[in-house]
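Enquirer: From Swiss-Prot, here are the annotated features:
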type     : residues : note
REGION   : 1-21     : region 'Disordered'
DOMAIN   : 38-89    : domain 'FHA'
REGION   : 113-138  : region 'Disordered'
MOD_RES  : S152     : phosphoserine
ZN_FING  : 212-251  : zinc finger
MOD_RES  : T294     : phosphothreonine
REGION   : 297-325  : region 'Disordered'
COMPBIAS : 308-325  : compositional bias 'Acidic residues'
ZN_FING  : 540-562  : zinc finger
Amino acid sequence: MERPEEGKQSPPPQPWGRLLRLGAEEGEPYVLLRKREWTIGRRRGCDLSFPSNKLVSGDHCRIAVDEKSGQVTLEDTSTSGTVINKLKVVKKQTCPLQTGDVIYLVYRKNEPEHRSGGGGISPKGSGPSVASDEVSSFATALPDRKTASFSSLEPQDQEDLEPMKKKMRGDGDLDLNGQLLVAQPRRNAQTVHEDVRAAAGKPDKMEETLTCIICQDLLHDCVSLQPCMHTFCAACYSGWMERSSLCPTCRCPVERICKNHILNNLVEAYLIQHPDKSRSEEDVQSMDARNKITQDMLQPKVRRSFSDEEGSSEDLLELSDVDSESSDISQPYVVCRQCPEYRRQAAQPPPCPAPEGEPGVPQALVDAPSTSVSLTTVQDYVCPLQGSHALCTCCFQPMPDRRAEREQNPRVAPQQCAVCLQPFCHLYWGCTRTGCFGCLAPFCELNLGDKCLDGVLNNNSYESDILKNYLATRGLTWKNMLTESLVALQRGVFLLSDYRVTGDTILCYCCGLRSFRELTYQYRQNIPASELPVAVTSRPDCYWGRNCRTQVKAHHAMKFNHICEQTRFKN
């Protein structure tokens, strides 16, 4: 038996306000506000949608009413901003609305004909309601909270409103200054309310990430700019690059344009899950037609040098993806100071006769400063024609690459770090970079500098100062501490994370400093408590011990001891 209550639908809620187009004529339709929250934007799921206006964000703003107090507020959720009475609303903040307030979704101060969504607040009243999703300007209607009655629209300043012309078309569409705008049919109120709640509940971070800042829509055939790597639609950036050679986001000079295949794949996968956010066929065809980025713009360009007879050095040679055997572009020819061509390229006079006992020594090598231990095997060497070279990681100067030869002949000076395998020239012929302490040396002979103890204990300045004071009171230096630590390492008392490192291991400065810090921590850990001040030993241990990330702060470092192991949340 069917209940009499079933089948009856509850009456729609009474409207609490209405939106009027700015400059609306008498009898012109308006939008009634019935729901507690009303969303406006370009997304088709919004209560008031502008799908063809690219200057309006997908979720531009939200108008809500407090059912208890009757207060109406507007929250801006756009990327370009919402203007109320010519005052911009701060993003993610709410602004109270009053009767007669003027709302602009798109406001251009010097171009009033391009303003969109401008309107004023007006109380609700009788008259036809409009379900159009495309309006140029609108007004909202609010109830009078004092008298519970309603008054008519009273704009504050008609001269400042600058209304936009609107033409009503016979098929129900709206034509704004010649722009074709398509109206959408009114959807079921319950369906719209569910869509709005879902959209308002949690913002779509993926959509925000995949949105082009120029068109405020999902990226289409996107390209990335180098070196800043900001990404835009190819069609959107085509229009921008005709006016400027700078990046639209950071204003960095654009050196190269490249396809971003990863983002294009992400957009394609996102649209499979959200087909309602796909662009229309007309929009896609329009963007493809506006794409002015050709394939040759995506190719790397190499500057080609010409002589004065051949032409200007400003000419650029474009390289294809496939290298040609007949191409005259080759790798730059590296010449070091042991190459036979070194003097000819340096445009210096012929070398003076070498001193006796040193045949074939280039004068530049003799004059160059050196802190190397021995140059015997270096001075006798001359690079073969177009021989292999290595660039010193410290001074960036080329040297003969003899690392393979050293495996057969131990007399050849080491040229690389045993840990990071980076090339260094200090032991080969002496690094000439200003401020170099000796970028490559055996660990026991490595010069780490006088400031190597600053923050040596896990960047904890307080604990490092305790160690420095301990060494100073006993007349010890960091070299003495390193020597004692290497002896303990050899005996197995101290351990390093890289078990291959010993006192004789060839290390660069960075790898040597890292191993030195590991030994220093163990040296400090083995200092008897009786030899340290009471203020140091009386501190409680930190739960996180040596792994504490707060120990870099002076107050925390003074309060707790961090020369200990982690005791809390340790796996």
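Just so it is clear, glycine is given a Cβ too, placed from its N, Cα and C backbone atoms.
Describe each of these features in terms of where it is and what it packs against.
Expert: The average pLDDT computed over the domain 'FHA' (38-89) stands at 85.
Beyond the zinc finger (212-251), the same-chain residues lying 6 or more positions past its ends with a Cβ under 8 Å from any Cβ of the stretch are 42, 54-58, 79-80, 257-260, 263-264, 267, 270-271, 277, 279, 284, 286-293, 298.
Spatially close to T294 (phosphothreonine) yet at least six residues away along the chain is no residue at all, judged by Cβ distances under 8 angstroms.
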Enquirer: Which sequence positions outside the zinc finger (540-562), separated from its termini by at least 6 residues, show Cβ-Cβ distances below 8 Å to it?
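Expert: Hits for the zinc finger (540-562): 457-463, 521, 568.
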Enquirer: On the three-state reduction of DSSP, what should I expect for T294 (phosphothreonine)?
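Expert: Coil, per DSSP.
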